[in-house]
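Colleague: Submitted below is the structure of interest, expressed as structure tokens.
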Amino acid sequence: MRLPLSHSPEHVEMALLSNILAAYSFVSENPERAALYFVSGVCIGLVLTLAALVIRISCHTDCRRRPGKKFLQDRESSSDSSDSEDGSEDTVSDLSVRRHRRFERTLNKNVFTSAEELERAQRLEERERIIREIWMNGQPEVPGTRSLNRYY
């Protein structure tokens, strides 16, 4: 079976070479126009990338918010149906109280589980402070009124 002339490997290679030579001749004849097309293509690519990032970030934050809102709405509807005699509950203040309690728990939680870890952390802080002092004291002072020449 013989391939048609338009799809033979020699014809494909010649078409590629012909296209490369045509592009080179266009660039050599119109360098400003070629530069304009190149810069325009780069700018369009950057704008499309930025748009994709913005859309991805906004969709990502929206997807994170929705399950929480849906959960709260389901909870409100179930509490309204079960507690119709008690009245409506203020979920905003309830959430703020929970956040405040969670914050207090993190403040009261001991980060270091043992005295050895606490001692290591204190030694590390002291070492960092000493290194910082050495670094600050080791820097040469360059006052504006003094000459840089050491030999007067």
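Using the three backbone atoms N, Cα and C, a Cβ is placed for every residue, glycine included.
Because the structure is a prediction, the values reported are computed rather than measured.
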Colleague: By the record in Swiss-Prot, which of SER28, SER58, SER114, SER147 is the one labelled phosphoserine?
Modeller: SER114
Colleague: For the region 'Necessary for the localization and biological activity' (1-60), what is the mean per-residue pLDDT, to the nearest integer?
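Modeller: Result for the region 'Necessary for the localization and biological activity' (1-60): average pLDDT 87.
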Colleague: What is the total of other Cβ atoms whose distance to the Cβ of SER114 (phosphoserine) is within 10 Å?
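Modeller: So the Cβ neighbour count for SER114 (phosphoserine) comes to 9.
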